[in-house]
């Protein structure tokens, strides 16, 4: 693509810089309007500066991705109500941000119970959530974009990247043990004999915090909800609160158990449909509506769990990135880099991975995917048609693991950091430098190991 007129290049770059500054620094003093409003401002500037027409701006919005995001958020909301997080927490199924939101306080309690420092456990949570989210298209937003734009089916995504994910999580755990082994070696006579109880509460009675959906570069969540203090097995989560049903009639308890079972069946059916290769957006939306009907009551409480600000952020981002593409700058930069970034050569793969790592931490991973995805796939297809889908999977792997590089690299890191600070009587501050000293070696080594598997 040829460079646009000089005026369009300058104005398009200004609009993109506005978007980038407000996405990375949402409370910038000169314009503290936040990420969502900043994304919409970038999009509007693209049309005001005539980089894009209004029609082109609407066409840039990827509706299937928005529908898929909406559907998975609604499904996750019903899974929360069905106490799914008591039995299973997986960033591949619930997104990395949701897993971090739910588990941060629990991890702090476990550390306190065993008289251990929280830092390695918080790092394990954030880094493993990011690596684990690479396994499926619904694990994080950039995977949604890649699966939709790259035409990678749910089954192809899992079979292609799951081995790297499993080995990445295991390697990351071994690295944590190596780095923090001495810190974790607590002698028995040094342990606090009362550590099994934290402020009068046993860790076993922990209630998983209901999470407002937060994904990708948009960190938007509510304060921790009220916890019940008694046995969780005698409580049922409904509309943001725990309801005691230990004294309710047996028929009502059975109805609740039946409802939970039906929720799990719908979700399993959704996953099977995705593995069969059915349209992901349509499948997620169908599952969400099936759960709404199954609930047989006003759906507003669960629909309120959807992060509509995130959906608006994506709308603005799609338009802003498309406008920046129209300036010709990304294409010109790619033409300079392409000869040195062939994915069929280890040297070219290393160059490509380095570019993705840097861009993912500078402009965030989803814009990186939008800027590089189609160009990487087209370049790989010239080598061999088989390399095209491999290019998308490599982009998914590197852009996601890149989030572990620094504390600001992903929303999951920020959620763990912020939630850990706010837990009453257990608060812990995970500093930028403490994260960086583990994040840099972990990111580089895990990325390299995954690339070797994906290339083979």
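Including glycine, each Cβ sits where the backbone N, Cα and C put it.
TrEMBL tags one of the stretches 4-22, 61-79 as transmembrane segment, and that stretch is 61-79. Of the given residue ranges 328-345, 346-363, 364-381, TrEMBL assigns the label transmembrane segment to 346-363.
Contact between the transmembrane segment (61-79) and the transmembrane segment (436-454) is not supported, since fewer than 3 Cβ pairs fall under 8 Å when only residues 6 or more apart in sequence are counted. Between the transmembrane segment (158-180) and the listed ranges 262-294, 346-363, 394-416, 436-454, the one holding the most Cβ pairs under 8 Å is 436-454.
Ranked by number of Cβ pairs under 8 Å to the transmembrane segment (346-363), the listed stretches 262-294, 306-325, 394-416, 436-454 are led by 394-416. If you look at the transmembrane segment (394-416), the same-chain residues 6 or more away from its ends with a CB under 8 A from one of its CBs are 24, 91, 96-97, 99-101, 104, 122, 125-127, 129-131, 133-134, 139-140, 142-143, 146, 157, 161, 164, 168, 214-219, 221, 343, 349, 352-353, 356-357, 360-361, 365, 368-369, 372-373, 376, 430-432, 435-436, 439-440, 442-443, 446-447, 450-451, 454-455.
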